[in-house]
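Copied over from TrEMBL, here are the features:
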- Cys269: active site (ACT_SITE)
- His326: active site (ACT_SITE)
- Asp349: active site (ACT_SITE)
- Asn389, Asp391, Glu440, Glu445: Ca(2+) binding site (BINDING)
- 261-352: domain 'Transglutaminase-like' (DOMAIN)
Amino acid sequence: MKEEGRCDLDIMRNSSSHHTELYGEERLIVRRGQPFIILLRLKPGNKEGVPYVFMSISVFSGPVPRTESGTKVSFGLRDSTVDSEWSASATNDPSGNTVSVSISSSPNAPIGVYSLTLDQGGQKTSLGQFILLFNAWCSRDAVYMRSETKRQEYVLAQYGQIYRGTYRRIKGKPWNFGQFEPGVLDICLKILDENPKCISDADKDCSGRRNPIYVTRVLSAMINSNDDRGVLVGNWGEVLDGVHPGTWIGSGDILRQWAESGPVRYGQCWVFAALACTVSRALGIPCRVVTNFQSAHDTNGNLMIEKLYDERGKRMSNADSIWNFHVWVDSWMTRPDLGPEFDGWQASDPTPQEKSEGVFCCGPSSLKAIREGDLTKKYDAPFIFAEVNADVVDLVCLSNGETVKFRDSTDSNYVGCFISTKAVGSDERHDITHQYKYPEGSKEERQVYEKAQHHNKLQQLGEEPGLTLKIKLAKNMSVGSDFEVYTVLTNNCLEARTCTFLFFAEAVSYNGKLGNSCGFVSDKVEVPSGEERRLFLRLDYDRYGSVITSDRLIKLSAIAIDKQVAEYHKLLGEATVNQSVTAELTLWNPLPKSLQDCSFTVEGVGLTNGKPITARIGTVDPEQEAKARVKFSPTSAGSRVLLANFDSNNLKNIKSSINVVPLLPKL
């Protein structure tokens, strides 16, 4: 039931405090994680106020609101609102005829249109609707931006500059984003409602709208019309129907045409990007339009732009290309899926170039990941990295089908320059190349490119970053002979690894029951990124012949213990000459069986008085930690090294060290 005039949504005051007054005063539009006020008028003669204990408020959004999805929430009144979840508090007007209710939304609530209902002892009253947006002013919101001047630019500014031309002659094109024009916000919400994910599962999609990462990825797909009933059709050829991409000067006309009659003809990269910026800002996500000059389009994912020539020197056509410029958007948000070091600007590209997860979309990808060549971070980091940092190579296609690289033909400085966006608070061009890449030709830039290439090769081989082991057998092995086997450790990580390398041989029955040892060898190795190390084990008949069963089976096992994750040694307190200090030693048992007779031994010049100190800890179960504490008293000051060795029946000679700097006692 709805009672007309019962509720005043106080649109003017709420709009001012929520920075939404530019949307108009026809309805309530607020930002999440921040209180807004509604006024409830009591019935004539009711001077007792509101019985708080019997009063609750419900909000719900989407076609199938569910409590489990966060699209339906009910909450009672409390003394004051809280900033971490939906809550409400109330105060009586002195006249006794009006109650002021403060409602605070969750800073993690899904954005969209909400209905508001009052429940008094089972009697429900509809209070109206409001629209909830992302909130760059709320520190708990994923799109929070500290600077007020930047919030004014990247959320509230309706006008901007989009840079085009060539890197030698950069020109700004004025653009009206118009996110506050009448009807535009409704169209932006309509874009979300008509995306294929919402059509296939509205509950999951509406719940996902709490996450700016999800919303940005949906917009990247919906701004173009390649896979869906998206907003804009691309055209890079002759325009015989529709509007030439260069004719548009603002987003509003395009969005209104789409809402009325479907996909609009035509657009190119700067139009796609401008639309994405308009919709993002309308929904409350800080956004900027970015132009990359000499922008690479790497179609085969090898981070290179290959220029092909025949044997006569004539240029051959291929899919790779370099555009004079290409335009996309950066959106501001946290990346809890990647880690706090990847928070900030995220690149996304609504221009349909390549498919991502089966759909023409791209991003969002952290600028910090792109700059560091960390191509494991989603979404689409390799493609965007290549746009700004691919190498250009010249190749000759021989008549026999082979491809040969020109000598000294690689150009590492050609792609990705003068990356530009409008400056905050002015129409000046702001160069943000340094946010995407290290200076061209610098040591850091080349290291990042090599790191990215290495990761790319692993992906093409279907290998994940990490350490891999393979065991190689000898040819013509037969009982009674001596033979040698070896294991290969390959480092697919993006940096070097120091490992303890173990290789076991044990007798085994056909039913898997292990017998005695036939041989064991270990070594401590440093494996550079992309390289391999081998460990050889000789099996002599004199040793294995007496322990194998009639099944004549030997089980080979290889283990690499990554020092970075397997060992953790530390000092408990400050080391002082002639005073006792404790070292805590830890090692993880990676074997699927228990370790027996485990011990740690430490020794160090000027630390242990010239004698080793051993701590015996007995048995350590599979995938458990061996731990011990060893006390020692340094005998001299200065930089020292405490050597540590772990020993057991199956893991032997696992060595490590702790840097110790004993201080002289205070007088």
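A Cβ is built for glycine as well, from the same backbone N, Cα and C atoms used for every other residue.
Taking the Cα of Glu445 (Ca(2+) binding site) as the reference point, the closest of the active-site residues Cys269, His326, Asp349 is His326. Of all the binding-site residues listed here (Asp391, Glu440), it is Glu440 whose C-beta has the fewest other C-beta atoms within 10 angstroms.
Closest to Asn389 (Ca(2+) binding site) by Cα-Cα distance, out of the active-site residues Cys269, His326, Asp349, is His326. Mapped onto DSSP helix, strand and coil, the domain 'Transglutaminase-like' (261-352) counts 19 helix, 41 strand, 32 coil.
Note on proximity: of the recorded positions His326, Asp349, Asp391, Glu440, the one nearest Cys269 (active site) is His326, by Cα distance. Cα-Cα distance from Glu440 (Ca(2+) binding site) to His326 (active site): 19 Å (rounded to the nearest whole number). All protein chains shown were included, and the count of other CB atoms within 10 Å of the CB of Glu445 (Ca(2+) binding site) stands at 18. Annotated pair His326 (active site) and Asp349 (active site), C-alpha to C-alpha distance, rounded: 10 Å. Cβ-based neighbour count (10 Å, all protein chains) for His326 (active site) stands at 25. Cβ contacts within 10 Å of Asp349 (active site), excluding its own Cβ and spanning all protein chains shown: 31.
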